Amino acid sequence: MGKVHVFDHPLIQHKLSYIRDEQTGTKEFRELVDEVGMLMAYEVTRDLELQDVEIQTPVTKMTAKRLAGKKIAVVPILRAGLGMTDGVLKLIPAARVGHIGLYRDPETLQPVEYFAKLPQDIEERDFIVVDPMLATGGSAIEAINSLKKRGALKIRFMCLIAAPEGVELLKEAHPDVDIYIAGLDEKLNDHGYIVPGLGDAGDRLFGTK
Ligand code: URA
């Protein structure tokens, strides 16, 4: 069963308070989302496998630990997921980056994939799907469906802010996926916004309205 991890790290909570604040402008918002993405990546990768390697320090030989070579791919859900991607790549610079684009069908209100470009060796990679807002859960569920359909075996999902409704639906749809959240909020409002949330993550990242 996948676990839900809610971060209580003071640096993450501090930065998240500025991200939420409507007074925070585009430049600062972008920088803060990037920084929190990086801090979260530190925890999200906590269970990566290590292997022993023999090295020579200036003093002696020793058996040290290195990552076991399992390959990582980061997959932002377009467009807001792009804001967290560089932060993750600062800690895992060799990771591949896949992209998934989804729009909401105006009639069914269901997310529909309009773009997917992923690394070739899907079965061999661990995936980290990133999207700042886990609201209804629809996009996250569909993006993970899309990865699984193409053969992905190990997937983690990380977001800045989640609504309890979205967390429940994502857990139900993908019980094998660990979910990483910087702030777990109260609810969704009638317009599908997370309350208290931060507004529209894509618009705030890219300065659009
Ligand atoms: N997407 C956003 O950008 N913000 C929300 O509050 C919900 C979904």
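Placement of Cβ uses the backbone N, Cα and C atoms for every residue, glycine included.
Listed in TrEMBL for this protein:
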BINDING   ARG79, ARG104, ASP131, PRO132, MET133, LEU134, ALA135, THR136, GLY137, GLY138, SER139, ASP200  5-phospho-alpha-D-ribose 1-diphosphate binding site
BINDING   ILE194, GLY199, ASP200, ALA201  uracil binding site
DOMAIN    6-208  domain 'Phosphoribosyltransferase'
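Overlay of TrEMBL annotations on the structure.
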residue : record                                              : Cβ within 10 Å
ARG79   : 5-phospho-alpha-D-ribose 1-diphosphate binding site : 16
ASP131  : 5-phospho-alpha-D-ribose 1-diphosphate binding site : 28
MET133  : 5-phospho-alpha-D-ribose 1-diphosphate binding site : 26
ALA135  : 5-phospho-alpha-D-ribose 1-diphosphate binding site : 22
GLY137  : 5-phospho-alpha-D-ribose 1-diphosphate binding site : 24
SER139  : 5-phospho-alpha-D-ribose 1-diphosphate binding site : 26
ILE194  : uracil binding site                                 : 28
GLY199  : uracil binding site                                 : 14
ASP200  : uracil binding site                                 : 15
ALA201  : uracil binding site                                 : 25
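For ligand 1, the neighbouring binding-site residues among ARG79, ASP131, MET133, GLY137, SER139 are MET133, by Cβ distance under 6 Å.
Cα-Cα distance from GLY199 (uracil binding site) to MET133 (5-phospho-alpha-D-ribose 1-diphosphate binding site): 10 Å (rounded to the nearest whole number). Nearest in space to ALA201 (uracil binding site), taking C-alpha to C-alpha distance over the binding-site residues ARG79, ASP131, MET133, GLY137, SER139, is MET133. Within 8 Å of the centroid of the Cβ atoms of ILE194, GLY199, ASP200, ALA201, where the record puts uracil, the same chain has further Cβ atoms from PRO132, MET133, ILE161, TYR193, GLY197, LEU198, GLY202, ASP203, ARG204.
Largest Cα-Cα distance over the residues recorded as binding 5-phospho-alpha-D-ribose 1-diphosphate, namely ARG79, ARG104, ASP131, PRO132, MET133, LEU134, ALA135, THR136, GLY137, GLY138, SER139, ASP200, equals 17 Å. Cα distances from ASP200 (uracil binding site) to the binding-site residues ARG79, ASP131, MET133, ALA135, GLY137 are smallest for MET133.
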